[in-house]
Amino acid sequence: MTLHRKMLADLGVLAGLAGFTIWYLLDAWKASASAENLILIVPIAAIVLLLCLLDLFTQLKKGVTDDHRNREPVASILPVMGLFAAYVLSLEWLGFDLGTVLFVGGFLLLQGERRWVWVLGYSLCFGFLVALFFANMLPYPMPMALLPTDY
Amino acid sequence: MIDFAAAADALSLLFSSATPWLVVVPGILIGLIFGAVPGLQISMAMAIFLPMTLYMDFMQAMLFLTAIFTGGSFGSGVPAILMNIPGTSSAIATAFDGYPMARKGEHNQALGLALGSSSFGVLLGYLILFALIQPISGLVLKLGPAEMFAVILWGMTLIASLSGTHMVKGLIAGMVGLLVGTIGFSEAGMLRGTLGNEYLLDGVPVIPAMMGMFAASELLRLVNTPYLVENEAARKVNIRLIVKGFFQAFRYPTVLLRGSVIGVFVGAVPGVGSSVSNLLSYIETKRRDANPDSFGQGNPKGVVASESANSTSEAGSMATLLALGIPGGGATAVMLAAFAMHNITGGPQFIREETDVVYAIIFANFGQVILLMALALMFLPMLANVVKVPMRYLIPSVLALAVFGSFGLTGNIAGPMTVLIFAVIGWLFRRYNYSVPAAVIGILLGSMAESSLLHTYQISGGELSYVLDRPVTILILCLLALSLFGNKLMKLMTARRAAKAEA
């Protein structure tokens, strides 16, 4: 990533936060413009926007410092993030038991584990034992594919 | 202040038979497990086991529930140190230095430090409670919404100072967090920021958001790391080092005492309590230290500051429960239910008429500390083995545990979805140097800040003079200003003095 693109990414996050603040302020205003509704939101939103402006000027003035500490390679993180997103989004129809087994197994394969006994053994044991434990401990029914949904 | 006859009665109540003590060991173990497993909460443990107290007398029920509380308070620091997942909001600051210590291979010492400071904190907290229960309850009665808002503001402002060179970004993160914390129905009945999503009517689920921002985002960052502790030789689990860490905590008596005093008094503030006390203690310790830059890099004093404050907060919250019948948080709310189940109402009358029972609860906690030390020393070596697990196994396991735990907290898919969304936000925040703790504290305190500000406005009728008539608010605001500008003022004065001396 060039310095220019890094700066754009930094500014993108800043714009996202400022954008959220403006949207939330307008949404709250639309709900009611009374002091009771906006007593905290207006001053805090104003402070956020001022701070965003201050940070924008600082970034434009100083340029982006090349801080390597927090810059891990995105290419290796995005697939993991995608797998985690797929796991969470499919939980309701895959169930916590099968979903967890597939997520753990998929993660192990993605991270280079090639010993099939370990991949299958660990994901099956972990997925079903944890699902069984939580299903017993929690007072609500949990979506499951193979285990009973309620105890 | 101390009723010695009641104290003698309390001792005979506790030690005339072994029956009350039978429930303490299981209570501590339950607390340790629920505190140490990410997603399980101390209040959840107490709620699950509350029906069992129906078959106990009041004294035994209280011992059982306070044992869960004590075990859980310490237990929540364990995942904060080993996995950067604070088991509860009261262990957030424990992760700041505990986790870097673990990553440096000092996990044994960090766990020992946490145990030492927690044990000391519980002990001192209940000692303060024993001596000062009546004055503390009197003080709590003087706290109104204005004081609560001042305490929240204090915590919020100080947290931004942890961001070091990125203070503006820290403040932005904290303030945006505060806004996120107000999403959903306001106290005035207005619906804000839900995008029509019914899961957000009660607001963003705070603990799943915290799990996503702290744990999941950190785990995503570590996908290329083979082990939590990279140096193989440092991965050993060593009981000797845990014990050494335990005693090392007492090498920082000022940090311990400061944390305990902050913990007991801030912990007594209903609702805010331990969530803020651990941060205040951490920040004050960092501010006063000769080498503040070492904090966040694995400074043992950071762990001591946080753990001494959050464990003492237990005594503070018990003060408000016993003396006023006001629960300070989820755990004490369950205890209040136990009070009701035994036809007992907390409050000044309870303290006056049942002083021996109150003292017995306090004395029982001294015994619980000793049992906690023994049980924790047995269990910590087992828990510390987590550093030997390869990250490719640890990451999916912890992520899955966070997903299960978050479902347990919300009872629907909103919990896991919150973990996912805030994991991505947390990862972006870390990558672009926005303070994750500041954002989490903001989310945690957002709705409380709004309602305390609204109540202040309603009581005062919008008159600023109302605040000037409240000495405690002014004191907290002065402390806030002192914490923010004290160091700069001192430096300025020293520079002036030096300039005068030269002239």
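Note that Cβ sites are derived from N, Cα and C of the backbone, with glycine treated the same way.
TrEMBL lists B:22-440 with the feature domain 'DUF112'.
Look at TrEMBL and you will find B:21-42 (among others) tagged as transmembrane segment.
Marked as transmembrane segment by TrEMBL: B:54-74 (among others). Residues 13-14, 19-32, 34-35, 41-42, 45-46, 87-88, 90, 114-115, 118-119, 122, 274, 307, 310-311, 313-314, 318, 331, 334-335, 338, 341-342, 344, 357, 360-361, 364-365, 368-369, 371-372, 375-376 of the same chain, all 6+ positions outside the transmembrane segment (B:54-74), place their C-beta atoms under 8 angstroms from a C-beta of that stretch.
The transmembrane segment feature in TrEMBL is assigned to B:111-133 (among others). Counting same-chain residues at least six beyond the ends of the transmembrane segment (B:111-133), those with a Cβ under 8 angstroms from any Cβ of the stretch are 1-2, 70, 73-74, 77-78, 81-82, 94, 98, 241-250, 256-257, 259-261, 263-264, 267, 300, 303-304, 306-316, 318-319, 322-323, 351, 358-359, 362-363, 365-366, 368-369, 372-373, 376-377, 380, 383-384.
Look at TrEMBL and you will find B:139-160 (among others) tagged as transmembrane segment.
Positions annotated as transmembrane segment by TrEMBL: B:167-186 (among others). Sequence-distant contacts of the transmembrane segment (B:167-186), counting only residues of its own chain at least 6 positions beyond either end whose CB sits under 8 Å from a CB of the stretch, comprise 156, 159-161, 192-194, 200-204, 206, 209, 429, 432-436, 438-450.
Positions annotated as transmembrane segment by TrEMBL: B:206-229 (among others). Sequence-remote contacts of a segment are chain residues at least 6 beyond its ends whose Cβ falls under 8 Å from one of its Cβ atoms, and for the transmembrane segment (B:206-229) they are 38-39, 41, 82-86, 88-89, 92, 95, 102-105, 107, 180-181, 235, 386-392, 394-395, 398-399, 402, 405-406, 409-410, 414-416, 418-427, 429-430, 436, 439-440, 443-444.
Sequence-distant contacts of the transmembrane segment (B:250-272) (same chain, six or more residues past either end, CB-CB distance under 8 Å): 116-117, 120-121, 124-125, 128-129, 136, 139-140, 143, 147-148, 151-152, 155, 278, 280-281, 284-285, 300-301, 304-317, 319-320, 326-329, 445, 448. Annotated transmembrane segment per TrEMBL: B:250-272 (among others), in sequence order.
Among the features that TrEMBL reports, transmembrane segment is placed at B:321-345 (among others).
Summarising the annotation, TrEMBL assigns transmembrane segment to B:357-380 (among others).
Long-range contacts of the transmembrane segment (B:400-429) within the same chain: residues 37-41, 44, 85, 173, 199-200, 204-205, 207-218, 220-221, 435-436, 439, each at least 6 residues beyond the stretch ends and with a Cβ under 8 Å from a Cβ of the stretch. The transmembrane segment annotation in TrEMBL covers B:400-429 (among others).
Residues annotated as transmembrane segment in TrEMBL: B:436-459 (among others). Outside the transmembrane segment (B:436-459) by six or more residues, the chain places 89, 92-93, 96, 144-146, 148-149, 152-153, 155-156, 159-160, 162-163, 170-171, 173-182, 184, 186-188, 203-204, 206, 209-210, 213-214, 217, 271-272, 275-276, 279, 425-426, 429-430, 466-467 with a CB less than 8 A from a CB of the stretch.
The annotation transmembrane segment is assigned in TrEMBL to B:471-490 (among others).
Residues 3, 6-7, 9-11, 13-14, 20-21, 24-25, 28-29, 32, 58-59, 62-63, 66-67, 70-71, 74, 78, 111-112, 115, 118-119, 122-123, 126, 129-130, 133, 239, 242-243, 246, 315, 318, 322, 350-351 of the same chain lie 6 or more positions beyond the ends of the transmembrane segment (B:357-380) yet place their CB under 8 Å from a CB of it.
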